[in-house]
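S.K.: Please see the structure below; I have some questions.
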Amino acid sequence: MDLINSSTHVINVSTSLTNSTGVPTPAPKTIIAASLFMAFIIGVISNGLYLWMLQFKMQRTVNTLLFFHLILSYFISTLILPFMATSFLQDNHWVFGSVLCKAFNSTLSVSMFASVFFLSAISVARYYLILHPVWSQQHRTPHWASRIALQIWISATILSIPYLVFRTTHDDHKGRIKCQNNYIVSTDWESKEHQTLGQWIHAACFVGRFLLGFLLPFLVIIFCYKRVATKMKEKGLFKSSKPFKVMVTAVISFFVCWMPYHVHSGLVLTKSQPLPLHLTLGLAVVTISFNTVVSPVLYLFTGENFKVFKKSILALFNSTFSDISSTERTQTLNSETEI
């Protein structure tokens with residue numbers, strides 16, 4: 001993740017705006033750090049509760065397994081947030097050493113890719129359940145979901161290797177140690193030839209991260225949920241608005257939470273003007289914090305009427321994270337047989 005590396009831009013933005021306009025702008029680092037600490041506290045408690053419920057209080061199904069790993073990726077992300085917040089508060093000064101610089105940022109990258117891939121896997125699993133029910137009944141099992149989860153974690157780890165290679169600490173000769181990407185892979189940071197090579201490597205990493213970590217998964221999610229919604233409507237499987245709400249929530253939350261981060265990464269790559277960098281960084285921090293903390297809550301409360309929560313939190317979890325009802329599954333199988 002490049003958010004730690006980008007805080008230098010925020011500090012420079014505040015200074016340059018103050019010098020050019022004479023009007024001091026509030027330093028956003030305190031607000032950003034406070035948001036990260038708040039997200040950490042809420043995220044650890046809420047995601048920890050979700051993991052406990054999904055693991056010990058619910059039936060082991062494809063949906064609950066995939067949601068468990070999705071929320072596990074959110075939980076891992078929240079554990080890194082205090083270290084990011086500390087770096088922001090110290091003007092991007094990294095005090096945790098080179099090894100943790102690599103470890104924390106590669107871990108954030110793994111959890112980012114994993115969360116995106118699990119959201120895609122959930123949409124694909126529902127696609128097969130509704131459009132190919134016979135195949136799903138034979139092959140869509142908890143064991144199948146476990147293998148998918150393992151493949152996702154391995155893929156996310158492989159795609160995060162660049163952070164282990166390029167992430168390093170660097171002395172800026174101003175009394176600060178920065179944890180940032182060194183795409184030059186050299187101690188000669190000032191060499192023009194090395195900087196050109198580093199720019200190309202940076203661009204390749206950005207394109208790969210944008211395509212594999214946002215655009216392609218987003219298209220997969222839209223395609224799957226569009227086909228699922230159409231099929232369920234045709235076969236009269238929409239007994240309530242619950243499935244539709246969950247689908248819409250998945251698409252909207254995915255786009256809103258991740259688009260600002262990739263926009264900011266693109267602006268950093270193109271060395272955009274300070275103000276857009278300043279604004280998109282703050283927005284990216286807020287939306288990513290929102291994603292790790294609030295997205296599971298959105299799934300929960302769009303899954304069933306809020307009144308159910310007053311009766312039983314477990315019933316609410318079951319209505320949200322379990323597969324479609326046996327009646328709906330039977331109707332789908334019958335429809336498939338007729339076809």
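Glycine is no exception: its Cβ is also placed from the backbone N, Cα and C atoms.
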S.K.: Among CYS101, CYS257, which cysteine is annotated in Swiss-Prot as forming a disulphide with CYS179?
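M.R.: Partner cysteine, according to Swiss-Prot: CYS101.
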S.K.: Based on the record in Swiss-Prot, is it correct that LYS29 and LEU277 are on the same side of the membrane?
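M.R.: Same domain label for LYS29 and LEU277.
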S.K.: State the residues, same chain only, that lie 6 or more residues beyond the ends of the transmembrane segment (104-124) and have a CB under 8 A from a CB inside it; answer 'none' if no residue qualifies.
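M.R.: The answer is 1, 4, 63, 66-67, 69-70, 73-74, 76-77, 80, 83-84, 96, 148-149, 152-153, 155-157, 159-161, 163-164, 167, 179, 212-214, 217, 220-221, 224-225, 228, 250, 254, 258, 291.
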S.K.: Tally the residues of the topological domain 'Cytoplasmic' (125-143) by DSSP class, grouping H, G and I as helix, E and B as strand, and everything else as coil.
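M.R.: Counts, helix then strand then coil: 16 helix, 0 strand, 3 coil.
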S.K.: DSSP on CYS179 (disulfide bond), three-state: which is it?
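M.R.: SS state of CYS179 (disulfide bond) = strand.
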